[in-house]
Structures are given as C-alpha cells and as structure tokens.
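K.L.:
Features from Swiss-Prot:
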BINDING   44, 69, 102, 125  S-adenosyl-L-methionine binding site
BINDING   129, 161  substrate binding site
C-alpha cells in the first residue's frame with residue numbers, strides 16, 4: 001500500500017539533529033560525523049519505521065549506525081521511534097544517522113574509507129519476476145557495491161520471509177565471495193540469541209511464515 005504524502009515530514013526531519021539531508025557530502029568521512037569517532041559503523045539498508053534501529057542503537061551506544069530509506073514519510077516515523085526508544089532508556093542519541101538514499105546508488109554516499117563493519121538487510125522487496133531480480137538488495141550487482149565499503153571480515157545480516165529470495169541469495173553471496181557463517185530457515189525456533197523483531201517480521205510470524213536468516217562474511 002502506498003503511503004500518503006506528508007508535507008510536514010521533511011521540515012520535521014530537517015529540524016532533527018541526527019538527520020542527514022545530503023549524505024553525499026560525507027562520503028569517505030562518515031566516522032567524523034559521529035560524537036565517538038572510534039566506534040565501529042553498522043549500516044541498515046531500508047530502515048522502514050525504525051523499529052530495528054531504535055532497539056539496536058539504544059542498546060549499543062558503543063556502535064555508530066547509519067540508517068537509510070528513500071521516503072521522508074517513512075523516515076519521519078523512524079525518527080520518532082528512535083527518539084522514543086532513547087528517551088525511554090534515558091540514553092544520549094549520538095550514535096545514529098538517519099538519511100534519505102536510493103539503495104541502488106549506495107556507492108554515491110559510501111566508499112572504502114568508511115570501513116563499514118556490518119550491514120543489515122531486513123525484509124527487502126523480493127522482486128520475484130526474473131526481469132526485476134537485479135533490483136534485489138542481495139543481487140550480485142549490489143553485493144559488489146557493498147564489498148567496496150565493507151571491511152574484510154565484515155558481515156551482512158539478512159532476514160526475509162521469502163523462500164525463493166533466501167535460496168537465491170545464498171547463491172548470490174557465494175558468487176560474490178562471501179562465506180555463510182550462520183544460517184537458519186526458522187529463526188524464531190533456532191536459539192539465535194539477539195534478534196530484534198521488526199514490524200514486518202511480527203506480521204509474517206503471526207501468519208505462520210517462518211523467518212529465514214543468515215550471516216555472510218566478506219572474504
């Protein structure tokens with residue numbers, strides 16, 4: 001369902017201290033945009049309403065996070081959810097940057113100098129038609145871009161409800177010289193300890209759909 005346009009979204013975002021309106025300006029220098037420049041940097045591609053980032057960021061002040069989505073109408077909800085989580089935990093909100101960016105052009109805002117240590121991809125569009133598969137966030141065309149700014153040994157954490165996307169992504173990762181270090185086709189019964197449930201994950205689980213999850217390490 002298409003989200004209704006919110007004309008107030010961009011003004012609210014631009015008044016936010018952790019919103020970055022022009023991320024291209026920081027390419028190669030992201031560490032210096034954070035208060036603690038020595039923290040590792042993790043990246044979430046497609047942060048949605050920010051449920052995942054709100055929990056991760058507030059639980060791990062020793063990690064800096066970049067959260068990306070394309071629509072202001074979504075980002076403004078992420079902003080509010082992140083602020084709420086930090087306020088409830090009485091944490092300083094100084095380790096998250098929220099920004100608008102088309103993920104297909106992720107290489108216009110990040111490069112090898114940014115040394116991203118982990119990427120999260122949660123419930124991305126499966127693009128099931130053959131002619132659209134190159135749009136997948138796990139497609140080799142994208143993985144090649146991620147490799148440029150992901151450190152050696154860096155990880156991609158990938159969750160999905162879609163069986164076909166998951167199985168084909170396994171081949172994508174192997175093709176692009178990633179090692180699968182963890183895999184489960186039933187995350188909620190796997191015993192995996194630190195799983196933050198997103199809004200999509202909760203919805204799919206209630207429908208009886210098993211959640212697939214893997215960790216891929218850059219070789």
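If you go along the chain as it appears here, the first residue is 1 and each next one adds 1.
Including glycine, each Cβ sits where the backbone N, Cα and C put it.
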K.L.:
When DSSP states are folded down to helix, strand and coil, where does residue 125 (S-adenosyl-L-methionine binding site) land?
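P.N.:
DSSP assigns residue 125 (S-adenosyl-L-methionine binding site) to coil.
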K.L.:
Taking the Cβ of residue 161 (substrate binding site) as reference, which residues of that chain separated by at least 6 in sequence fall under 8 Å from it?
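P.N.:
Sequence-distant Cβ neighbours: 123, 200, 201, 204, 209, 210, 211, 212.
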K.L.:
Residue 69 (S-adenosyl-L-methionine binding site) to residue 129 (substrate binding site): how many Å between their Cα atoms?
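P.N.:
It is 23 Å, counting Cα to Cα.
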K.L.:
Calculate the distance in Å between the alpha carbons (Cα) of residue 102 (S-adenosyl-L-methionine binding site) and residue 129 (substrate binding site), and round it to a whole number.
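P.N.:
About 21 Å separates the two Cα atoms.
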K.L.:
At the level of the C-alpha atoms, what whole-angstrom distance separates residue 44 (S-adenosyl-L-methionine binding site) and residue 129 (substrate binding site)?
P.N.:
25
K.L.:
Find, for the listed binding-site residues 44, 69, 102, the residue with the lowest Cβ contact count at a 10 Å cut-off, counting only other Cβ atoms.
P.N.:
102
